[in-house]
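What Swiss-Prot says about this one:
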type: BINDING; residues: 22-29, 69-73, 127-130; note: GTP binding site
type: MOTIF; residues: 44-52; note: motif 'Effector region'
type: MOD_RES; residues: CYS221; note: cysteine methyl ester
type: LIPID; residues: CYS221; note: S-geranylgeranyl cysteine
Amino acid sequence: MPLCGSSSSSKHPIERKIVILGDGACGKTSLLNVFTRGYFPKVYEPTVFENYIHDIFVDNQHITLSLWDTAGQEEFDRLRSLSYSDTHTIMLCFSVDSRDSLENVKNKWVSEIADHCEGVKLVLVALKCDLRSSDEYGNESAITPGSIQNQKYNGGGGNGLIPYDEGLAMAKQIGALRYLECSAKMNRGVNEAFTEAARCALTATPKGARDSAPEAESSSCTIM
């Protein structure tokens, strides 16, 4: 019997599913390992499929996140399509040291999402942002939107890395609700990225194989 002033529903966390997409080797699995297990893997091992369960509190709401790690390689396209059912939010990732991974956001991933999970809420996430601030001695400076925005992109860039402004422009182009940047290696911006994705998922209707009627959505991008 619930105590006075409480409800039985408050005992049960809200369940939300988030799928993590992006090119192979862009850093998705490292991002998930740091967030759910607190460690950064030293050796790259390609992921075929893995599911993580993690509890998080957002806006005083207890949420149980089902986080689906997916393989970005083309040979896993058919297997990956099975991940989209009943998805609340997709974290679409690219690496700042791979222009192909950014171009594939619009050339591959957006169309695949439209085919399998039309209308789902999107969050665009830039990974490996510590590479922008690494100096020749391997030191790292703080990753902030201000410092990233001040770095100019000149053709291939002074260091060939994708700048903040270009990632933000892509987020607006694809209609992502959030644009976030983080470094799993340095554990900077990781919790913030999942918090914002969970916040988007809170108000989302699940999309995918058994989705319901389309819901009205704002396509504006929030800069984080």
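Here the Cβ of each residue, glycine as well, is placed from N, Cα and C on the backbone.
Sequence features annotated in Swiss-Prot and their locations in the structure.
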residue	record	Cβ contacts under 8 Å, 6 or more apart
GLY22	GTP binding site	LYS28, GLY72, LEU92, CYS93, PHE94, SER95, SER101, ASN104, VAL105, TRP109, LEU127
ALA25	GTP binding site	TYR44, PRO46, GLY72, SER95, SER98
THR70	GTP binding site	VAL19, ILE20, LEU21, LYS28, THR47, PHE49, PHE76, ARG80, SER83
GLN73	GTP binding site	GLY24, PRO46
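Every protein chain considered, the tally of other Cβ atoms within 10 Å of the Cβ of CYS129 (GTP binding site) stands at 27.
Within the model, the motif 'Effector region' (44-52) shows a mean pLDDT value of 85, rounded to a whole number.
According to DSSP, GLN73 (GTP binding site) sits in a coil region rather than a helix or strand.
Cβ neighbours within 10 Å of LYS28 (GTP binding site), excluding its own Cβ and spanning all shown chains: 27.
ALA25 (GTP binding site) falls within neither a helix nor a strand when secondary structure is assigned with DSSP, and so counts as coil. Under DSSP, residues within the motif 'Effector region' (44-52) fall into helix, strand and coil as 0 helix, 4 strand, 5 coil.
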